Amino acid sequence: MEITNVSEYEAIAKEKLPKMVYDYYASGAEDQWSLKENRNAFSRILFRPRILIDVTKIDMTTTVLGYKISMPIMVAPTAFQKMAHPDGEYATARAASAAGTIMTLSSWATSSVEEVASTGPGIRFFQLYVYKDRNVVEQLVRRAERAGFKAIALTVDTPRLGRREADIKNRFTLPPHLTLKNFDGLNLGKMDKSNDSGLASYVAGQIDRSLSWKDVKWLQTITTMPILVKGVMTAEDTRLAIQSGAAGIIVSNHGARQLDYVQATISCLEEVVKAAQGRVPVFLDGGVRRGTDVFKAMALGASGIFIGRPVVFSLAAEGELGVRKVLQMLREEFELTMALSGCRSLSEITRNHIVTENDGPRTVSRL
């Protein structure tokens, strides 16, 4: 079957993967309202395309924290990629590098920072969970820096793990042949079976619930890597993140896996962008499945987007080739959206190219 869009990979992944694994990747928290809303909210933003503009040449390149990439579409951190495919994070790293874009490696990867670095050149960020044992955090951050990673994406929305009922029913745990590779040798790489979700028990035991803004400052004392704060959804926290020295913000609701009934990320993006006042770049993850979604995020002020589930589903379906195809499909759809909207570069994508539910009637400026 010819795969024509990113979403089609999910059905293939569902057929191929064990139920416990597919459910882990696919599910959201509790009623999964926010999971659906992350997608639905995009569908309520409509285009105001401009016409009769020469779109022979379209430039999608951009820079993120000073690094030039081919398009504003990057790879979000997703845990346990070897559950999807034996090549796991190696395949994702190679695919992102081939696409000329950034891969973010999860703290809970099934390949270590050193292993991912060994796949060859590429711009890579490291997603960090802060453990109760700060020595572990310090070691890990230093290893990532030594391995050539360029930034830290600090996940701040997980003092406890959200209630993911599929994982509880399945008694989710990491398959026995896999470990959290970044923690091998620290007695933190194993996840025990438990009566509910093995991951929830692991988080309760290891992750630091006392994490606060002072820790964002502390991180800056142990690394020269810029810090992106991942999990911001409000203007208030945007201002605090900037005050705490964040180099950028990722608007994220953790793929709707933490607190249910939060807004879709695309719905609170503009609030965060306005609060940031251009002082730091603002990125978005959650629900992006089309090039049109990328354009909508850019029109609302994002400097780029990250994709998570499309990566693990395409990885499960076709390994590295699948991830390459997903990045290529999104790239081509985004380029087409730009052309049909009359935008030749990212700087030409403006708020006037879209209309949202909150927009009042337009006053048309006279030329």
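Note: Cβ is positioned from N, Cα and C throughout, glycine not excepted.
Bear in mind that TrEMBL entries carry predicted annotations, made automatically and left uncurated.
Sequence annotations record features per position, and here TrEMBL assigns active site, proton acceptor to H254. Feature annotation from TrEMBL assigns glyoxylate binding site to Y24, Y129, R164, H254, R257. The FMN binding site annotation in TrEMBL covers 77-79, S106, Q127, T155, K230, S252, 285-289, 308-309. Per TrEMBL, domain 'FMN hydroxy acid dehydrogenase' is recorded for 1-359.
Here the features listed in TrEMBL are placed on the structure.
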residue : record                       : Cβ contacts under 8 Å, 6 or more apart
Y24     : glyoxylate binding site      : F80, M83, R164, A166, D167, N170, F172, L199
A79     : FMN binding site             : S106, S107, W108, A109
Q127    : FMN binding site             : P77, T104, L105, S106, S107, I152, A153, L154, T155, K230
H254    : active site, proton acceptor : T155, D157, T158, G162, G231
D285    : FMN binding site             : A76, K230, I250, V251, S252, G255, T265, I305, F306, I307, G308
G287    : FMN binding site             : N38, R39, A41, F42, A264, T265, I266, D293
R289    : FMN binding site             : N5, V6, S7, R39, P310
R309    : FMN binding site             : E10, Y25, A26, T78, G255
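Sequence-distant contacts of R257 (glyoxylate binding site), defined by Cβ-Cβ distance under 8 angstroms and a gap of at least six in the same chain, are S27, G28, A29, L35, G162, R164.
Local packing around the binding-site residues Y129, K230 was summarised as the count of other Cβ atoms within 10 Å of each Cβ; on this measure the leading residue is K230.
Binding residues for glyoxylate (Y24, Y129, R164, H254, R257) extend across at most 19 Å, taking the greatest CA-CA distance. Packing around P77 (FMN binding site) is summarised by its Cβ count: 26 other Cβ atoms lie within 10 angstroms of its Cβ, all protein chains included. Counting every protein chain shown, 24 other Cβ atoms lie within 10 Å of the Cβ of R164 (glyoxylate binding site).
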